[in-house]
Amino acid sequence: FGGKQDTKEIDGKNMLRNMEASLTARDRVGIQDFVLLDAYMSESAFLDNLRKRFHENLIYTYIGTLLVSVNPYKELNIYNKKQMDTYMGVNFFELPPHIYALADNVFRTMLSEFNNHFILISGESGAGKTEASKKILQFYAVSCPSTKLLNNVRDRLLLSNPVLEAFGNAKTLKNDNSSRFGKYMDIQFDHQGGAVGGHILSYLLEKSRVVHQNHGERNFHIFYQLVEGGEEELLRWLGLERNCQNYSYLVQGDCAKVSSINDKSDWRTVRGALSVIHFSESDIEDLFGIIASVLHLGNIKLNTSTCHFLMETSRRLVFACVLKQGLTHRKIEAKTEEVLSPFSVDHAVYARDALAKAIYGRTFNWLVNKINESLDFSRKTVIGLLDIYGFEVFYVNSFEQFCINYCNEKLQQLFIQLTLKSEQEEYEMEGIEWEPVPFFNNKIICDLVEEKHRGMISLLDEECLRPGEATDLTFLEKLEETIGGHPHFVTHKLADIKTRKTLDRGDFRLLHYAGEVTYCVVGFLDKNNDLLYRNGKEVMRQSKNAIIKHCFPSSEPDSKKRPETVVTQFKSSLVGLTEILMSKEPWYVRCIKPNDAKQPGRFDDVLVRHQVKYLGLMEHLRVRRAGFAYRRKYEIFLQRYKALCPDTWPHWKGTAAEGVRCLIQHLGYKPDEYKMGRTKIFIRHPRTLFATEDTFQVCKHRLATRIQAKYKGYRVKGHYLKQREAATKIETCWRGMLARKEREKRAWAVKVIKKFIKGFMTRNQPACVDNSEYLAYVRQNYLTRLRDTLPKTVLEKDSWLTPPPIMEEVCDTFLLLKAEASSIFKGKKESYALSVCRPFVDTRISKTAELLSYRIQEFKTYVPVVKYDRNGFRPRLRQLIFTREAAYLVEEAKIKQRINYISLKGVSVSNLSDNFLILHVSCDDIKQKGDLVLQCDHLFEALTQLSLIANKQNCIKVVQGSVRFDIQPGREGFVDFKSGQESMVYRAKNGHLMVVSVNIIEASLEQTKN
């Protein structure tokens, strides 16, 4: 890109200006990938970039292939069908960060490599984990191939969400739709990418919520949906009332109504979803019967004397007497005897709540298994979605938070291992030396919790199972004795004076990878035991409810050995989950909550900083940045930046790797700034990439200008060529038109000359086709000369020009007709004066009449007329033909009436300016037609011809007023004539034909005056 010195200076200024503009834009909207963050070790720089993007409604940011999502707490128009189409089949880094980009990349990688993948969605309650999993499912529902069978599977996968949300989600202080269980869903795909099945695993349902809720929280959604949205008939059958305040298990949080939750609408959604997932009506009835029974159980009142409870419960599950015994007595085996020992009130309340939790927990497991049956899962290539609770730190943290945070420790350990593993594998694959990455290994914390015999889980189980009076405080004492010296564990007793002020005597504190969490030991043993007395199980086995029978099978052994504790079961399920995840390729979505108030546009730095820490985002970034910040395939890198080097632009003919090497040498990369792998280029520092990108932006504008100039020149040249071609065509057409006109003129002149010569040669013959035009010319020429040489007086007979022979005959006939017309009409009819100047013609025959003239002998003349019916005076077009013997009224070559001149008694016309005539015919026979009422535009010509041909000059009468005529013998009619402002013909009320005509002479004089 050479040029003169001044040009280089100008380009340099433009480059600086464009670079500054690019940096300004980067400063405003942040960087799309945290890996390209220069100060990647700085937590403040990380938060600053996240904040910039959040305030620009850019809620997604990458850390390599990890997606960070910030909950906007408002609707964004980025999840429609158009957005899905945009991200389908596109390179992961080609478009701005989006959850659709991640979902599409996972899908395409699975199809191309035929291996299994999973997407881990984590974050604290209210960060948007559940919504993120929904968006991924919706994307696959749209992007996957579609058939009727696949659509059924897709609908079940999608609709399993609202069902599980209803039974497993609840309102908490931090989230109105908080998942109170962990969910792992496998979506199974065939070799073409169609979703053909699925499978769901659930983890650690928070069963304690069934019987107890903190202030400002609710029970699981399904309870409120049933009470608020259930049909009246269903509620009556279940013995429920449409008032949540009537049920003890629903009012402990004092928050039954929530403005953001529409329980009635959600109820309809759940009912519809259950049908789609193929739940039978009996299953649905049994399921809601169990939900109602749990509510009734909560209303059982216990005191020292007896149990008072709603009898509706008995109708739902078991008989009241059986239930009463199960809740108030404990069965004790003494050698061969069984003794019923009565409970204290506290024990009875515990037994009731334990039964309610057991019923709901086992029903939830049945529900998950039932959904799995409908999804028809078989082991093929799958994409797993793990939507699991994030790290939880509340004001009071109990057993549930301990389990949840232990789960997050395990997932963080797995996360670091898999991330390091994938990084190391990529380096080895590309032939680049792996550099060890320093990071915090949280194995020490995991071992503290799960180590065999010495771990906190083992100690908790020992305390739950040991004989004697074991309490939460004895468990705390055992922790202090066994692991008191651990650097990540501290209690009130072990702490220094300063730390002791922040701990109660019943608290212990763990230093997790995400920070310190203080746990209250109260309730640990009870929640870990989660005991259900044997007689409680026996009561349930007597139920007639099919789901309860399935959940409490009679085949379940009543072993005297205590069942596994909750934390042990949870640890085992985590081991299984870890094995599942280790067998798949990982992808990550980290969800962040910007503030606790759920307000859009508000970014709480302290809260977000805490989440960034416990989500391990800085750890992940450090791992990704430990070696090289940027890596791309040679083809992609060369395609983007080849314009920066004259040797690679516009087309590079060698391999992509050689082209990249040539390009970076031209750009002046230093050896320590990059490495060349087998298929990718690795760039160590983001500033190197930014400099390359900014230079490319400048070059792109320059290239765009050159391309625009070339294109505009091409467009203008094309426009000019089109105009020139159009002008040539127009000229050609114009010349052709002129030539054709000239040819037509010459052909016309030849015809005229030929006719003139032929007419001259036949001028003395009778008029015919050959000489008609010549004779017309002779007449015109004579009249023109006559006009110029008229004699001064009529008496100078010798001064008149001698007419040609053809004029002599015509003049005599013409004058004879005019003289005849004058003798008949002059001074009698108003319109006669205007007819004098109009020449008479021999005939006005039409083609139709000409054909007819061959049938009528001695044809003389013809004139068109309008004939009015004798009855009703309806007008009809006709032709009037005169011969020597008779007149004929004709319609389209058909003779309608013949009038012999002998039978013609007379002709009547009015003295006004109308053009009507009445032919009076003598009628001797009643079958003969009567007189004719006609209207003729050439009235004077027709009657003059008739008077001469038929010799009837005396028969034509000019009358005033009315004319009487015979319709037929014995019947007469009348035609009335009068003057008026406008010419009209109509039938009057008296039955006469009324003809109104305008005085033509007066009208002409008036027009002349005007």
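If you go along the chain as it appears here, the first residue is 1 and each next one adds 1.
Each residue, glycine too, has its Cβ placed from N, Cα and C.
Range 574-596 is the one annotated as region 'Actin-binding', of 367-389, 574-596, 689-711 (source: TrEMBL). Here Glu124 (ATP binding site) comes close to Lys174, Gly390, Phe391, Glu392, Cys591, Lys593, Gln611: these same-chain residues lie at least six apart in sequence, with C-beta atoms under 8 angstroms from its C-beta. Taking the Cβ of Ser125 (ATP binding site) as centre and 10 Å as the limit, one finds 20 other Cβ atoms among all the protein chains shown.
Shown for the region 'Actin-binding' (574-596): DSSP residue counts in helix, strand and coil, namely 9 helix, 8 strand, 6 coil. The residues near the ATP site, meaning same-chain residues not in Gly123, Glu124, Ser125, Gly126, Ala127, Gly128, Lys129, Thr130 whose C-beta sits within 8 angstroms of the mean position of the site's C-beta atoms, are Asn71, Asn175, Ser178, Gly390, Cys591, Lys593, in sequence order. Looking only at the binding-site residues Gly123, Gly126, Gly128, the densest Cβ neighbourhood within 10 Å occurs at Gly123.
With all protein chains in the displayed structure included, the most crowded Cβ environment within 10 Å among the binding-site residues Ala127, Lys129, Thr130 is that of Lys129.
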